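For A:42-360, the entry in TrEMBL reads domain 'PRMT5 TIM barrel'. The region 'Disordered' annotation in TrEMBL covers A:310-348. Look at TrEMBL and you will find A:370-544 tagged as domain 'PRMT5 arginine-N-methyltransferase'. Under the heading S-adenosyl-L-methionine binding site, TrEMBL lists A:Tyr395, A:Lys404, A:Tyr405, A:Glu460, A:Asp489, A:Met490. As annotated by TrEMBL, site 'Critical for specifying symmetric addition of methyl groups' applies to A:Phe398. Summarising the annotation, TrEMBL assigns active site, proton donor/acceptor to A:Glu514, A:Glu523. Residues annotated as domain 'PRMT5 oligomerisation' in TrEMBL: A:547-764.
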There are 2 protein chains.
Amino acid sequence: METLPGVAPPEQQNTYFYIGQHETKRTVPVTTELAEQAQDAGYDMMTRPITSPGFQARVLSSVDAYYESVSASSDANAVPYPLIAPLTPEDTNLVPDDTMLSTMICCTSPWIDLASPDPVIAHVSRQVFNHEVAYAAFCGVNNIMIQGPNLEASSVVSQYARAIGHSLEVGPYINLQILLPMQPTERKAAQDGLSLAGRARDSFKTLQSVATDALWSWDTWDLIRSTCKYHPRLTVALEIPQKLPSSAIQSRWFSEPLRTLMIPESTFVHNAKGFPVLNKPIQALLTRYMRLKTVPWIILSNVGPIPGQDHPGMPVNLPSRSISPELPTPAQSQSKRKQQQQQKPKDLTPYLSYMRHLQRTQPPRPIIDRFAAGYQDFLQSPLQPLTDNLESITYEVFEKDPIKYEWYERAVAAALKDLHQKLQRPIVVAVVGAGRGPLVTRCLKASASTGIPVQQWAVEKNPNAYVLLQRRNATDPLWNKRVTVVKTDMRAWKGPLLSADPATPAKVDILVSELLGSFADNELSPECLDGVQHVLHPEHGISVPTSYTAHFTPIAHPKIYAELLGRGDADKDKWELPYVTMLHQYDDLCISAATGTPDIQTAWEFTHPLPSAILQQSALRRGGSVQAGGSGMVGGDGWNEHNARFCHLRFTASSRGVCHGLGGYFETVLYTPEDKSKKAIELSINPNTMEEKSKDMISWFPIFFPLKTPLTIPTASEIEVSMWRQTDDRKVWYEWQVEVFVSVNGVRQRVATSELHSSIKNGCLM
Amino acid sequence: METLPGVAPPEQQNTYFYIGQHETKRTVPVTTELAEQAQDAGYDMMTRPITSPGFQARVLSSVDAYYESVSASSDANAVPYPLIAPLTPEDTNLVPDDTMLSTMICCTSPWIDLASPDPVIAHVSRQVFNHEVAYAAFCGVNNIMIQGPNLEASSVVSQYARAIGHSLEVGPYINLQILLPMQPTERKAAQDGLSLAGRARDSFKTLQSVATDALWSWDTWDLIRSTCKYHPRLTVALEIPQKLPSSAIQSRWFSEPLRTLMIPESTFVHNAKGFPVLNKPIQALLTRYMRLKTVPWIILSNVGPIPGQDHPGMPVNLPSRSISPELPTPAQSQSKRKQQQQQKPKDLTPYLSYMRHLQRTQPPRPIIDRFAAGYQDFLQSPLQPLTDNLESITYEVFEKDPIKYEWYERAVAAALKDLHQKLQRPIVVAVVGAGRGPLVTRCLKASASTGIPVQQWAVEKNPNAYVLLQRRNATDPLWNKRVTVVKTDMRAWKGPLLSADPATPAKVDILVSELLGSFADNELSPECLDGVQHVLHPEHGISVPTSYTAHFTPIAHPKIYAELLGRGDADKDKWELPYVTMLHQYDDLCISAATGTPDIQTAWEFTHPLPSAILQQSALRRGGSVQAGGSGMVGGDGWNEHNARFCHLRFTASSRGVCHGLGGYFETVLYTPEDKSKKAIELSINPNTMEEKSKDMISWFPIFFPLKTPLTIPTASEIEVSMWRQTDDRKVWYEWQVEVFVSVNGVRQRVATSELHSSIKNGCLM
């Protein structure tokens, strides 16, 4: 069953960019007046330090005094660690102020080092940090930005992570953003004489010596958020460099909870006219990141003072001629209207103006994005159309697909031609699971376009849809009372009665159905079509679709993992079922080096109609009769076992990461014309083939198989997935297990194994 | 507080060996008569196949018929997979029979291949296996032995594991043993024409080509039991080879749930007289394994028929002269008495006789083992002696330690000598937390032996123990009314009143306490001794103990993990506290290559008395008064922060495995004599130093910090542990987190991270 949300697509609208101003060393105190000036200049927000330079000086002098005492003492252990007293009015000018705080991101002191290997520095840093967070929470601050840990190899990140986790519990509304670079860079500046890191004793700096690489910044984040158990109020503030890291790293960060994109002045280049602009790769990155469901904020860093602010420093290379920036006027931002009214002689915020320009000129979103707006990564349980009766609106939404029914019509037309050539008589066509009749219409159109007469049947179990089908047959000019509508579960249908004798029903030539789910067989298409196959002509009968395949690939999806984790323990089976979801904020873990596309492998295939021997064995087992060979009773179990499947697939991780589950897709061959020069008619939601096979089809979202415990995936590791389609006499369910292997010194070792997950309690009932 | 169980040690008794007989190809049907003959011959049990050779032939012919049909068919998919009908009376002679089944281990067919990469073979194997397990369960069989998966690289072990997990649910009483070799061996025999594995199509055999090593057999077990979620009814039947694998692999299996040790005839050697014997390494292995709390059964395989059985084959090289085996006559085995009554002309069961000989000649167990019998791996919560009052029996058990109080006496004597030399006056000695007075007695003995007079004080908060102390002072000839007994929490004690003026209490010269827990500081010794330090003489006061350290190392402990897992989700905090336990069935993951001993590292240290500056800062913070420097209020929080600790330790895994948690230990220096030629007097439960420092001390069990999710530890990986001793103003607790790193292609990668565990909800109250 298709998986469209039951809503019409929203009007296309450019995403508004929330843009803030940041200075790494503010020389002007942040006052209500300054904040208003920032808004007047067109900024939506600004950052501010929680404490003053005076506080920094006080802390540093405490540390220096400690070291002096230690030098003077015969026993270093006899000197108590520096004790940082709580904040005084001189230490901070932050006060509770509802109006302005909502547009503020408050920054904890960047000169501390919570991850210091030196216990004295770590101790002092923790005190400073705790004082700042506690005071900010008291003042009602909602957003706090925290300098990420020093990415030196000597850092003890677990200490940093523990401190962050602790501070998340200080207040129920506080949101923490960890400021991290996309990949490690030289950050010697943090080691200067004004920082605590610079005061760590040398003996501690060499504690660890390990090689790190471009993913080290992400690794650090991964440890922090894992330690904090994927806390929903913990996010990333990502610093965008002028030269972007590899696309793998760009994608990795895309999948993380990006609250803020920090763009420093140094990331901009200047165009021929001297205006600051961003290079093309960064523009593309922004377009991608700004389409996240939770749209990141943009913070411009060190791009010059807020106009009106008494500030000595201005970035150089500013264009000297006056410009009239075309500012947007979204409803959200009053300040911009003000600005537009007074033509300024010179653009005092050229970086901001450029970002507004980017905002206005964003490319339109692809059709599926627009259609699924708001549904990205929203988790739905797969439909159970066999046990539930759908509502009319659900059918209506499904019928809007611009591609799917068109392709069905082509497939039926091709099948009609092939059969008619052989049979030279009207063709018996039956749509099973006809719903409100869209496929019936397509069959009749195919008949009309090919000029091949059909005897058209429509079978539907839903008594409500059955009413509509009869009405349509009576009133629709195309149907024109030519359709025989039967109300029955297709598995109980005796077949079309073309002769007068009810004891000898005729057979169907073409059986048309739309029973597929996001993972192909997950809504029991195989079982339904097996159940109706007895009405299909045994020699030449055609099923549309003729086959379908399920596909999957390991992915990182922190957002869905966090969502499921957050549901608490009451929802016991939450890890034990697949979810239908518009996968969006995820990262593929296995990218093929050859193609650059994700390695999405085929789990298994179903074809229709089944060979008769298979159906015969199934019938024998269902009846519990004596086995053909006469060697014993078969018993009543296992009649559906021919629809069980197993696969064991091996993937290679293209870069290290965390596996939160499997992204699943399907493909189906509706019909393959006998004329080999003609292409098969196919539908696909597999990202690797959907463009080619059924571009712009919007009916199905992917499926996601979660893992209860995320698995760490080392670089160059192999991921082996075992997946089962299990069945007993009453239902169908899936089981899945993931193992991770890595080669160390030539020996292949398993480094992680997931639980064996099973949706048996949420199986699809037959 | 010490951790002895509250029971007297049981009488030393040799462990009885339960020994069974197994034949890989039984030619004689297992009947009640045969089982009785086995018992008469001295066997405690025997194995039997569930199905007959006829069943095997039927299954194999089904498979052959399938392949013939496939060859004859144009479409392989049109041929249904072979269907194995349920068992007939010809297929099995097993029937429900209470008497004999209790001495039977039933074997599923070893010729199937549940892990076959060929789906046909896997499908048939699964049917055979399910039929056999279901029928055995129906008959009331409790113990089933299952051939482990083919250790070929092409095996799909996840399929095997899934089948085992499924069969555990067939019956609530069924116990499954997986038969595995200690390490992979050539097993071509299984691939012969009579096995299903031998029938797998070649195209599937080359699916996987990976290098495996000596741990591959254990790896396989690890995947099976993980998939089955450490099921309590799933155990190992371990095949012991003549040439044992490395000690690392021996230790690994020791830590697993060994239900059976399978010793084939080929494992024996023959001594000069031609008798079958086991080599010394195997004897040592048996001694070790047979001391497990759940004593493994021993199954002798292919060592000749059961005497009286009509059986053509006998192992060669049997001694020809008649012997009179000295069989044991334990109460458990009636059969042996029968045998002894009739002197047989020839030993028909020389292998069994040898095993009985081994049983009788087992070396005695070490003292701690005897003392802790029954308490191995039993989980206790640490005592809370500060908030609970102990009972007399608890004190009594603790007082029985043969080493601990002797060492205390030596330490006090040495301290008395050192102080008396300086002071030349009677020494004021106070035992704080005196309990029933054992340390008081030792102080008085030290005074007597050194001839140095003491003024002896005893401080105790427990009102019940206080009664006993007073009585003892009045009646014990050594105490002789010389002890001043004070009932108070030591932290509230004003100090000894030696003068008549209550306003000027004197100071204590030697403060003796026994407040240590298994992890040194885990029962608040630091906080208690800080609290009483005000009574200690500030210049020369001595604390016995003077220092203590906490130590830990990563270990595998499947048994404790399974035990905690089995407690269910209701016990929410079960992973969030350390347990005191007599660690026994575990495996050290980090063995030092240099010493061959586990790498047990030091977490942190506490020393007493504290430098005065530290206590002063603490007092300032407790009072919330203005800080000494005058820079602000300190507030009421953090007065105990000087007793917080953090460590970040790095271990190197010596072989791959699974980390279930940390084994924790302590060491303490009771006193270091000023005469440098004399050794410090120390106690230790650290396995690396306990022999040297306090051999035969039995007062403390180790401590275990669990991990909620076991971490896979690759070979040559590094394990980094962060551990915190946290404190607020009311309690003390621990936090611990484990990370695993491995170097792949020169880049160090984190491959696993545990949760950050915290015992804050089970913290020790001050």
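Every residue, even glycine, has its Cβ placed from backbone N, Cα and C.
Caution: TrEMBL annotation is automatic and unverified by curators.
Owing to the predicted nature of the structure, the values given are computational and were not obtained by experimental measurement.
The Cβ of A:Asp489 has fewer other Cβ atoms within 10 Å than any other of the recorded positions A:Glu460, A:Asp489, A:Glu523.
Averaged across the domain 'PRMT5 oligomerisation' (A:547-764), pLDDT for the predicted model comes to 91. Contacts of A:Tyr405 (S-adenosyl-L-methionine binding site) defined by a Cβ separation under 8 A and a same-chain sequence distance of 6+ are given as A:Glu399, A:Pro438, A:Leu439, A:Arg442, in order along the sequence. In this structure the alpha carbons, written CA, of A:Glu523 (active site, proton donor/acceptor) and A:Met490 (S-adenosyl-L-methionine binding site) are 15 Å apart. Checking each of the recorded positions A:Asp489, A:Met490, A:Glu514 against A:Phe398 (site 'Critical for specifying symmetric addition of methyl groups') by C-alpha distance, the shortest gap belongs to A:Glu514.
According to DSSP, A:Phe398 (site 'Critical for specifying symmetric addition of methyl groups') sits within a helical segment. Here the CA atom of A:Lys404 (S-adenosyl-L-methionine binding site) lies 10 Å from the CA atom of A:Glu514 (active site, proton donor/acceptor). For the recorded site, A:Glu514 (active site, proton donor/acceptor), the DSSP three-state label reads coil. According to its DSSP assignment, A:Asp489 (S-adenosyl-L-methionine binding site) is coil. Of all Cβ atoms in the protein chains displayed, 24 besides its own lie within 10 Å of the Cβ of A:Lys404 (S-adenosyl-L-methionine binding site). Around the Cβ of A:Met490 (S-adenosyl-L-methionine binding site), the same chain contributes A:Val432, A:Gly433, A:Val459, A:Lys461, A:Ser513, A:Cys528, A:Gly531, A:Val532, each under 8 angstroms and 6 or more positions distant in sequence.
DSSP classifies A:Tyr405 (S-adenosyl-L-methionine binding site) as helix under the three-state reduction.
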